[in-house]
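These come from TrEMBL:
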DOMAIN    16-280  domain 'Pyruvate carboxyltransferase'
BINDING   ASP25, HIS215, HIS217, ASN251  Mn(2+) binding site
REGION    405-531  region 'Regulatory domain'
Amino acid sequence: MAITHPSFGTLDDNRIIFFDTTLRDGEQSPGFSMNLEEKLRMAEALAELGVDVMEAGFAIASPGDFESVQSIARKFAKDGPVVASLSRANAADINASGEALKPAARKRVHIVLATSDLHMRVKLRMSREEVLEAITRSVTLGRSHSDDVEWSAEDGSRTDPDFLCRCVEAAIKAGATTINIPDTVGYSLPEDMARIFRDLRNRVPGIEKVVLSAHNHNDLGMAVANTVAAIQAGVRQIESTINGIGERAGNASLEEVAMALRTRHDALPFRTGITSERILKTSRLLATITGFDVQPNKAIVGRNAFAHESGIHQDGVLKDASTYEIMTPESVGWSTNSLVLGKHSGRAAFRDKLRALGYGELGDNALNDAFRRFKDIADRKKVVYDEDVAALVDDEVVRGNDRVKLTGLNVSTGLGTKPMASVTLEVDGQRQDGMASGDGAVDATFIAIRQAFPHEVGLKLYAVQSVTGGTDAQARVTVRLEEHGKLVDGQGSDTDTIVASARAYVHALNKLLAKRERTAPPEMQATALSA
Ligand code: KIV
Ligand code: ZN
């Protein structure tokens, strides 16, 4: 039966709502934090991808989180996604979410409270009756901020079924319009999921008026299977993240659920708002921003997802791709013609390529910088692939407003000589130089950066990957820095590994500065740049 929902109006029974939590559940996992600009960029990409609801953050968590939720709320008009903010079941959290969401054209207050005996006893120290009262109180308050309120039963999949029914009934009576049952610890099997939702649908009065939602974690590698089982049991909202990022082993991966629905439409006859051709671009943007690539064999977006290595498979694919491909690479944004531009290509061809890769129109400055980098790479590299263009554009777009810019680098190294590096930075428009020797060219470069712009941080990770194959391939370097327990990751790419390393270090440094500024009290912010 069709549901009338405050944000979506009349919902067809076969429409699946995609609730994306990349910017909240995904962002809160170690090493995945993003600054405001990165979150805004990601939010734009998620909206272009077609997510219906975007959880922008946890407004009460920090001033930075509040600002992110507020800025994302401001960003979208009525035809954009619903913007959500998470809150625990207390007035301070809910009011913070309500306040941050005020500028949103479409908004959702999301309230979570644990319902399993274990969580209630150990974590909340609340009785069942107290939890029921808190649900009523918190959802009622949530409704004073928005007609669209989602209530989540944390550890719902390990909750006593009778008590879960009472909790859901209380939330619906208080005005919740979406009921989400998370498998918080990733413990469930698909049949458990189906049973939970069938039970709720059979037993809870008023359940037919709300949207049921599943939020699955991947601790046993079953998040996507559990999500599909939930859909088959009547769930019409699924919560997921790009690349499956999230707490511990992550959440159900958006791209896998979306493509399961598209590819197996015969068994799963549902509609979504996802433009699947934008999946790869969104996945790559997230990898660039966070510094974490997906594993090569990751379904849909991994480098090998459409690669055919064995002779038998290659032969089959050449004769008819459907022999070994259940979906086309193009349907998720891979390009078959990945050999692209050369050193003679002009700005117009470059701009066309960017459009074809789904980047739309870059601003003039970003386009000029990206084109300059492209020319530089085209001069050094025999062939420039789509992956190369994507890596350099992601670098430029992500880095548009950096306060520290790498403007010069010279390195000398060799057998039996002490590596030396000299670095030029532009810090808020001012030139600053550094020169140092080190235990290797990368070490010398990082020390020279610290000379040009003195700061004290711990280097926690240094990793190099190649963007494409061959000795002239671009290197993509990830650098993780730590300051007072806060971790940031930076990324850089270039055909020269040392240049890519310097870019990655400077990128991480900029993220650290942005973090410092967001957490410093107002009177400190002006001086936050001086290390
Ligand atoms: O996993 C979980 O229980 C959550 C809730 C906040 C929805 O992320
Ligand atoms: Zn979660």
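Using the three backbone atoms N, Cα and C, a Cβ is placed for every residue, glycine included.
Remember, it's a predicted structure, so these values are computed and weren't measured experimentally.
The most densely surrounded of the binding-site residues HIS215, HIS217, judged by C-beta neighbours within 10 angstroms, is HIS215. In the three-state DSSP assignment, the secondary structure recorded for ASN251 (Mn(2+) binding site) is strand. Counting other C-beta atoms within 10 Å of each candidate's C-beta, the binding-site residues ASP25, ASN251 are led by ASN251. Same-chain residues that are not part of ASP25, HIS215, HIS217, ASN251 yet have a Cβ within 8 Å of the Cβ center of the Mn(2+) site turn out to be THR21, PRO182, THR184, ASN216, ASN218, ALA223, GLU239, SER240, THR241, GLY246, GLU247, GLY250, ALA252. Note on the region 'Regulatory domain' (405-531): mean pLDDT across this stretch is 83.
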